[in-house]
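A.B. asks: Annotations per TrEMBL:
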- 75-95: transmembrane segment (TRANSMEM)
- 157-175: transmembrane segment (TRANSMEM)
- 187-205: transmembrane segment (TRANSMEM)
- 225-249: transmembrane segment (TRANSMEM)
- 270-293: transmembrane segment (TRANSMEM)
- 327-346: transmembrane segment (TRANSMEM)
- 358-382: transmembrane segment (TRANSMEM)
Amino acid sequence: MQRLLLTPLKALTRSPCLQLLVPRAALRGQCGCICGIRRPLRPGQYSTISEVALQSGKGTLSLPSKTAERVVGQWLLICSGTVAGAVILGGVTRLTESGLSMVDWHLIKEMKPPTSQEEWEAEFQKYQQFPEFKILNHDMTLAEFKFIWYMEYSHRMWGRLVGLAYILPAAYFWRKGWLSRGMKGRVLALCGLVCFQGLLGWYMVKSGLEEKPDSPDIPRVSQYRLAAHLGSALVLYCASLWTSLSLLLPPHKLPETHQLLRLRRFAHGTAGLVLLTALSGAFVAGLDAGLVYNSFPKMGESWIPEDLLTFSPILRNVFENPTMVQFNHRILGITSLTAITVLYFLSRRIPLPRRTRMAAVTLLALAYTQVGLGICTLLMYVPTPLAATHQSGSLALLSAALWLMNELRRVPK
């Protein structure tokens, strides 16, 4: 009778279907399952079908790890580099007055440039219908038009590259489960800001294509929209760089002293001042304010020019008067340099790690270099290569400020 019962039971326990549900240790007669006491399973042993599916790759549930954080940090560091490239290329486009050469905006259609003589002439004819050609470039040749067209085309294509650099890897990392809950929110915000940046760029270009018969100024984009376009790019750059540095650089466990707290707050304020100075440069570029009062340290023959407050109401001068805009940019630049110098000497009074000291020294060196570039750009009447270098320097200075802030960040308990 025992043989009749045990033989089918042994066959049943050896079946593959039951082995998916029961640990192998239990099948060998161990009491881990029979007695209701669950023993830890060795690698390769599974107690449920869901565990088999997870191990085989179906329904993968990978939790964030140090390796995943490092990969995501490297990706965001590359993304911040692409944003920096877009800002620099956009500055060159503005300096060469190329931004209004492409009068249409199509996400896919405009990716193919003109290839034949007929297509180039048709594109040139479209440009001739807008104010910049009629007022400023009425004697422009087709060869000259091709140059400014390719400048704007490069900027727009680079913007598409930035979008792909954010969106495609973000979708991949999300699917692989390499993003924590908090990181998912940041990544969604960054991808949304990239899309908004593209729409804001076209909104800015449209302001330079509008007919303004009552305005004596040469056709140019609105300085307000230019500042918004640059400002959103700087926010995208700072957010990406800050997140990548937080993931890639291990935080220092610094003693929370009163001096450190004061240094941290001062570093945050200085970084905000650097960002504001860079943003004020958008108004300088939008109004061509660098072409007035090309002298330093005085503006012409006086410290405070007479036409500083010629617009009415007075508040308009801050954003629309080229003299006031250049004056404000000078003051902000000198104030930023002073704040960074004070920050450096404050950091010398506290025992800090070597990497943190390197960040402070780098910030100080870049600040003096940036001010020197700005003065040379002004005195030499804004040559394009030097002005582009000055604009690039603002990004380098902002990066160093974020680096130092990251070094001084509070470690969560």
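Each residue, glycine too, has its Cβ placed from N, Cα and C.
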A.B. asks: Taking 3+ C-beta pairs under 8 angstroms (sequence gap of 6 or more) as contact, is the transmembrane segment (358-382) in contact with the transmembrane segment (157-175)?
C.D. replies: no
A.B. asks: Residue list, the transmembrane segment (75-95) vs rest of chain: Cβ under 8 Å, 6 or more residues beyond ends.
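C.D. replies: The answer is 151-152, 154-155, 158-159, 161-162, 165-166, 169, 173, 190, 226, 229-230, 233-234, 236-237, 240-241, 243-245, 247-248, 285, 382, 384, 387-388, 391-392, 395.
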A.B. asks: Give me the stretch from 157-175, 187-205, 270-293 with the greatest number of Cβ pairs under 8 Å to the transmembrane segment (327-346).
C.D. replies: 270-293
A.B. asks: Any residues 6+ beyond the ends of the transmembrane segment (157-175) with a Cβ under 8 Å from its own?
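C.D. replies: Same-chain contacts beyond the ends: 68, 71-72, 75, 78-79, 82-83, 85-86, 89, 111, 184, 187, 190-191, 194-195, 197-198, 201.
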A.B. asks: In the same chain, who gets a Cβ under 8 Å from the transmembrane segment (187-205) while lying at least 6 residues past its ends?
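C.D. replies: For the transmembrane segment (187-205), the sequence-distant neighbours (Cβ-Cβ under 8 Å, at least 6 residues beyond its ends) are 76, 79, 99-100, 102, 105, 156, 159-160, 162-163, 166-167, 170, 173-174, 179, 221-222, 225-226, 228-229, 232-233, 235-236, 239-240.
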